[in-house]
Amino acid sequence: MKRKRSEFPVFLDSVSFAELLCEIDTFIFDADGVLWLDSTPIVGSAEFLEFLIEHGKQILVLTNNSNKSRSALLSKMQHMRFVGMSENSIQLQENIINPAVIIIHYLLSRGFGADNRKVYLIGSKGFAEQLDDAGIEHFGCGPDPAYAGNIDDDNFLSKDAFVYRVGFDDPLTKVGAVVVGFEKHFSYVKLMRAANFLQDEECLFLGTNEDETSPGPHPKMIIPDAGPIIAAVKTAAGREPIVMGKPHSAAFEYICARWNIQPERTMMFGDRTNTDIVFGRRHGLRTTLVLSGVHSLDNVKQNQEAKRTEMVPDFYTTSLGCLIARQ
């Protein structure tokens, strides 16, 4: 079942998906907005994954969210009754991939953890724990200690101002990489630290993902994601980051190095046209937009009218639960 790039995406239901099933060996899923929203599973998503596992399909979860480790994400899935993702099944936590996993692999391959270089992390506690597990020294996670003092706008440039208390010349702190992701404690001080560390050309600049917003329980509420934070650091530092999350190639290269996949027999399910669908299109995968998350058919129509063909999926469906026949 193939369509021309100029055509509108094909709607998938249980009947049309059943016809397509034999053509696909590997299914890659985004998480937030596809499998769950916040801590609530989307109706039918767990049953759909179980259905695919019963049919011998390979399942990968590829999320741009680095706030939780693989083990924490697996525990979350088990808590939400994703039965097929149990410890004793063929689907282990290695099948869950986020930008933190890819960044850590990248850092280890460049000698981090074996020397005195540290990572300045603008990121979550979960990301920091993953760096700890990998033996990579880091600092920066959580509220910046410079905020413990008085930050007075009127005295911003005085010799007592906080900008003089931050300090960047500690010879014992060799910052080898600035890693930027979602950070609830992101601040002006963190922005300043990152921008100054990145003036060293040998310091790597790595980003998790460029998602502008995250899906949440309130459709009209804007929840900024890592994208705006990375953009701020990029602007201040005057440098471009290496971004590891979708739609960039680092994630696809990581997958291809570990799993035997044929792109033409692989399907990407996602709720964002500018990350999930672009990721699939750039790497030769079949693509399905799931309308339970961020983007809608209106977004697809806008992309088509603007000739943004990379953002137009092959298929779309209301939710994963609609793809299996109900008894």
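Placement of Cβ uses the backbone N, Cα and C atoms for every residue, glycine included.
Sequence-distant neighbours of D30 (active site, nucleophile): residues of the same chain at least 6 apart with a C-beta under 8 Å from its C-beta are V61, L62, T63, N64, K246, M268, F269, G270, D271, R272, T275, D276, V290, G293. The DSSP secondary structure for D30 (active site, nucleophile) is coil. What TrEMBL lists as active site, nucleophile is D30.
Summarising the annotation, TrEMBL assigns active site, proton donor to D32. Other Cβ atoms within 10 Å of the Cβ of D32 (active site, proton donor), summed over all protein chains shown, number 22.
What TrEMBL records for D30, D32, D271 is Mg(2+) binding site.
Residues annotated as substrate binding site in TrEMBL: K246. DSSP assigns K246 (substrate binding site) to coil in the three-state reduction, outside any helix or strand.
Comparing local CB density within 10 A for the binding-site residues K246, D271, the maximum falls on K246. The Cβ centroid of D30, D32, D271 marks the Mg(2+) site; residues of that chain outside this set whose Cβ lies within 8 Å of it are A31, G33, V34, L35, T63, P215, G270, R272, D276, V290, G293, V294, given in sequence order. Secondary structure from DSSP puts D271 (Mg(2+) binding site) in coil.
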